[in-house]
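Student: A single structure is presented below for examination.
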Amino acid sequence: MWHIQYVTAQQLAGFRQYQYRAVDSNPLSVYIMQPLWNRMVKLVPLWIAPNILTLTGFLMILIHLFILSVYDWHYTASGSSPGLIPTWVWGFGAFASFFAYALDSIDGKHARRTQSSSPLGELFDHGLDSWSISIFPLSLFSIYSCDNGKSGISVTTMYLSLIVLLLNFVFSHWEKYNTGVLFLPWGYDISQVVTVGMYLLTAIYGVEVWHRPLIFGYHLTDILIFFLIVCCIVLSLPQTFYNIHLAYVKKTLLKDSLYEGLLPLLSPMLLVILLTIWVVLSPCEILVKQTRLFLWMVGVVFSNVICRMIICQMTNTRSEVLHWLLIPLAVMVYTATAGFQGKLEEPILAAFTIFVTAVHVHYGVCVGKQLSQHFNIYIFSLKKYTK
């Protein structure tokens, strides 16, 4: 495979100095989930590399997404044909979500058990997290359905919900970029438990349970969307700004100017603007025509942008001013909204989605190989790397 040195020499040196610092103050995590993970990690054989746990969890939710894509590509099955998606798919969703949640929670513990903790492992973990944060909602949207005007949700709501989740993840790592500490969002554990519960409820009672009105005519879908907003905007975002303000007061901020501190947010914000322009001005209503494909593309591009931010915050190096993928995206948005693509807008979106997915996978493989060689370790083995 064509190998590119994505990580600079300065960043490689920064990785050598890196030390993981995190704060978890969520009562659900501290008093319930962490004791459970401490017991579960003891069941993992000591010869298994921590990154195998991380990758396995990611692949589980990815497989579930692909299964749902086969049964419900246009997010209409739960509304027009409630029985089209088999019950076992929802059961598998509950299993896959809990499995991924558990493995993502114990991989670090297992790394400490095997004395194999490394910046490579953390980057691998957070890099896959930046991708899976979009995969979870893309699967959950199949429960809601977008073709039921009474109780489903619109594709616009799907898009905005995904953007809120992704920006929440961005702000969490932007916070670490400025403070050097990862304050784990309260919404993460809550959302994971709720996701597993939703799949179980759907497997037992069917998707119809989400389309029955509750008190005052509101449906469960309305309540869950409201819950998402509360978790991301009310719980996580104020905490992020408070922690940065506290670091400013204590004079422990890592960046010495407002410009440097805000720099990592430039690409994500431009990305949101470009994507939203495309959604609003698309002549063929691309979000309606190809909802799943468009949202997948959004998640992939965001993940690549976030991964580069994570590398900068782990190495305490300056964030890039503009992510290069924004340039072809801007061309895509301009040619689509100006009408130059015409009837080819959907196939061009498909081609662009394949392109950015390939770019992101290539980026991950090259960065993993580069750090593997730098630290003299294998990614998926506890053996030492031999040059």
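Note: Cβ is positioned from N, Cα and C throughout, glycine not excepted.
Quick caveat, the model's predicted, so the values are computed rather than measured.
Sequence annotations record features per position, and here TrEMBL assigns transmembrane segment to 43-67, 87-106, 151-171, 216-237, 258-281, 293-311, 323-342, 348-368.
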Student: Is it true that the transmembrane segment (258-281) and the transmembrane segment (151-171) have 3 or more Cβ pairs under 8 Å, skipping pairs fewer than 6 apart in sequence?
Tutor: yes
Student: Short question: which residues 6 or more past the ends of the transmembrane segment (216-237) have a Cβ under 8 Å from it?
Tutor: 144, 151-153, 157, 161, 164-165, 167-168, 171-172, 185-187, 190-191, 194, 198, 209-210
Student: Sort out the residues at least 6 away from either end of the transmembrane segment (323-342), same chain, that have Cβ-Cβ distances under 8 Å to it, and list them.
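Tutor: That would be 267, 270-271, 274-275, 277-278, 281-283, 286, 301, 304-305, 308, 348-349, 352, 355-356, 359.
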Student: Looking at the transmembrane segment (87-106) and the transmembrane segment (151-171), are there 3+ C-beta pairs under 8 A, with each pair at least 6 apart in sequence?
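Tutor: Between the transmembrane segment (151-171) and the transmembrane segment (87-106), which are separate recorded stretches, there is no contact, as judged by 3 or more close Cβ pairs.
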Student: Any residues 6+ beyond the ends of the transmembrane segment (151-171) with a Cβ under 8 Å from its own?
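Tutor: Non-local partners: 75, 78-79, 129-130, 133-134, 137-138, 141, 144-145, 185, 187, 210-213, 219, 221, 225, 228-229, 232-233, 236-237, 240, 265, 268, 272, 275-276, 279, 287-288, 291, 294-295, 298-299, 302, 305-306, 309.
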